[in-house]
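Visitor: Below is the structure I would like to discuss, written out as structure tokens.
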Amino acid sequence: MPMKIENGPFWKRVRENLDNDFMRGAVAGMQDRGYVRRLGVIEELGHWEEWRSLAEQIRKHTLENLDFYLMQLSENVAKRGGHVFFAQTAEEANEYIRRVALEKQAKKIVKSKSMVTEEINLNPVLEAIGCQVVETDLGEYILQIDDHDPPSHIVGPALHKNKEQIRDVFQRKLGYTKSSDPVELARHAREMLRRDYLTADIGITGCNFAIAESGSITLVTNEGNADLVTALPKTQITVMGMERIVPTFEEMEVLVSMLTRSAVGQKLTSYITVLTGPRDEGDVDGPEEFHLVIVDNGRSSILGTEFQPVLQCIRCAACVNVCPVYRHIGGHSYGSIYSGPIGAVLSPLLGGYDDYKELPYASSLCAACTEACPVKIPLHELLIKHRQIIVEREGKAPVAEKLAMKAFRLGTASPSLYRFGTKLAPSAFAPFAEDGRITKGPGPLKAWTESREFPAPSKERFRDWFQTRQKGGNPS
């Protein structure tokens, strides 16, 4: 499935990003500032754990009755004059949207931020038929004009770029001549994008939450770009993962409140856009034609399994914003559009273990992600389940790990081998030990001892010590 954003071995990507001092500083700053803002709005709301439990109940109930609510949504969209397409795969979703673009003879398409269109790799499909696709979220716009640089964060896709880098991109691609002042950069982008809104044939959006009872879709933004993407083009296409649905507006209000506080530390974002089908007669704006593409792309295979809780995700990135591993390696190290703890759980499920078998190990299992999640996804537990599957079912554990575990099993199962090993260990590790500590370990211990020390094996075994004590001796 077309989710990969980076090629090359996982550890090579990690090493490269560990050497990126700006990226690491930007991520650390984002996490620290976000923590303070989030804590403030959570305390102001009050009863946060009760809110989390309510949000969890809403998501669980919806997933347990997903077929009913998807059918209700589909019927209500159709009643409003919209078209609904259920896409089992990324290819089916892309082909449907491609056909709509060809039918409308579209030359220009404007898009608001959408993770699922990144997931299915939609843009190249439309560009291949001659459409100019313009991302209108400022972060996504910056990445697009910078030769399609992939996003590194679910909410802040251009987090890995500083203002000087963005200025250079604007100078190179847009003829920008002013300073690196963020206000000037944003003003220039706004002027460029305004022309695209007015001349676009099709608008494409993602979906934060679809409302089953009304056939509406909601979009949560701080830039207002979704308003223009849905209001100006004659044809509107919304692409949503099949799990991004709630029964009524009441549930949507709860989840939006949790989303905005968890994602950006705000009570509400600047804009919440609600779109319900094509424009009615007499309306002055809105699309003449509306299409809703509901994407499966592996999600149905997660339903009913031990990993079903991951589909509760509302894409707030709260788990990413507290993750100590993400803090050091950034988003591109994950090799998937979904980074951080949620990406480490979701990417192997949607993209397979062959490409993402390392991600469940990119975690300290500190459970900060689970505590931060506003819908109570047990992320650290799901990471452990992935590790178990990788070893037991998939057989994809590293060769060194397999050999080490086999040797450990044989040694602990045989008393004679165990005694021999405990006698040999002090001599074997002596060249690497100093004052009873191993500071530069061999083999698998090398990476471990780069950031911590390892206790050297004792010269006197516990069994020998105990026997001496039993005989009334003076154990050392």
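The backbone N, Cα and C atoms fix where each Cβ goes, and this holds for glycine too.
These came from Swiss-Prot, pasted as-is:
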- Cys313, Cys316, Cys319, Cys373: [4Fe-4S] cluster 1 binding site (BINDING)
- Cys323, Cys366, Cys369: [4Fe-4S] cluster 2 binding site (BINDING)
- 449-466: compositional bias 'Basic and acidic residues' (COMPBIAS)
- 467-476: compositional bias 'Polar residues' (COMPBIAS)
- 304-334: domain '4Fe-4S ferredoxin-type 1' (DOMAIN)
- 353-382: domain '4Fe-4S ferredoxin-type 2' (DOMAIN)
- 440-476: region 'Disordered' (REGION)
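Have a look at these and tell me how they're positioned relative to everything else.
Guide: Take the CB of Cys313 ([4Fe-4S] cluster 1 binding site) and look out to 10 A: across all protein chains shown you find 23 other CB atoms.
All protein chains shown were included, and the count of other CB atoms within 10 Å of the CB of Cys323 ([4Fe-4S] cluster 2 binding site) stands at 28.
Look at the compositional bias 'Basic and acidic residues' (449-466): DSSP puts its residues at 6 helix, 2 strand, 10 coil.
Here the domain '4Fe-4S ferredoxin-type 1' (304-334) has Cβ contacts under 8 Å with residues 5-6, 10, 13-14, 16-18, 20, 23-24, 27-28, 30-31, 34-35, 38, 55-56, 59-60, 63, 115, 150-155, 159-160, 208-209, 243, 255, 258-259, 262-263, 340-347, 349, 359, 362-364, 366, 368-379, 382, 385 of the same chain, all six or more residues outside its ends.
If you look at the domain '4Fe-4S ferredoxin-type 2' (353-382), the same-chain residues 6 or more away from its ends with a CB under 8 A from one of its CBs are 4, 10-11, 14, 51-53, 55-56, 59, 255, 258-259, 261-262, 306-307, 309-310, 312-314, 316, 318-319, 321-325, 329, 333-336, 340-345, 347, 389-390, 394, 396.
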Visitor: Quick check for the class: what is the C-alpha distance, in angstrom and rounded, between Cys323 ([4Fe-4S] cluster 2 binding site) and Cys373 ([4Fe-4S] cluster 1 binding site)?
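Guide: Cα of Cys323 ([4Fe-4S] cluster 2 binding site) to Cα of Cys373 ([4Fe-4S] cluster 1 binding site) measures 11 Å after rounding.
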Visitor: Within 10 Å of each Cβ, count the other Cβ atoms, then let me know which of the binding-site residues Cys316, Cys319, Cys366, Cys373 comes out lowest.
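Guide: Looking at the binding-site residues Cys316, Cys319, Cys366, Cys373, the Cβ with the fewest others within 10 Å is that of Cys366.
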Visitor: Tell me, how many other CB atoms lie within 10 A of the CB of Cys369 ([4Fe-4S] cluster 2 binding site), whichever protein chain they belong to?
Guide: 29
Visitor: Using the Cβ center of Cys313, Cys316, Cys319, Cys373 as the [4Fe-4S] cluster 1 site position, which other residues in that chain lie within 8 Å, going by their Cβ?
Guide: Ser262, Ile314, Arg315, Ala317, Ala318, Val320, Pro341, Ile342, Cys369, Ala372, Pro374, Val375, Ile377, Leu379
Visitor: Sort the residues of the domain '4Fe-4S ferredoxin-type 2' (353-382) into helix, strand and coil with DSSP and give the three counts.
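Guide: When I sort the residues of the domain '4Fe-4S ferredoxin-type 2' (353-382) into the three classes, I find 16 helix, 0 strand, 14 coil.
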Visitor: Compute the average pLDDT of the predicted model within the domain '4Fe-4S ferredoxin-type 1' (304-334).
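Guide: Within the domain '4Fe-4S ferredoxin-type 1' (304-334), the model's average pLDDT equals 96.
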Visitor: If I take the alpha carbons of Cys369 ([4Fe-4S] cluster 2 binding site) and Cys313 ([4Fe-4S] cluster 1 binding site), what is the distance between them in whole Å?
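Guide: Roughly 12 Å, rounded to the nearest whole number.
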Visitor: Around the recorded [4Fe-4S] cluster 2 site, report the further residues of that chain (criterion: Cβ within 8 Å of the mean position of the Cβ atoms of Cys323, Cys366, Cys369; site residues excluded), sequence-ordered.
Guide: Cys319, Val322, Pro324, Val325, Tyr326, Pro341, Ser363, Ser364, Ala367, Ala368, Thr370, Ala372, Leu379, His380
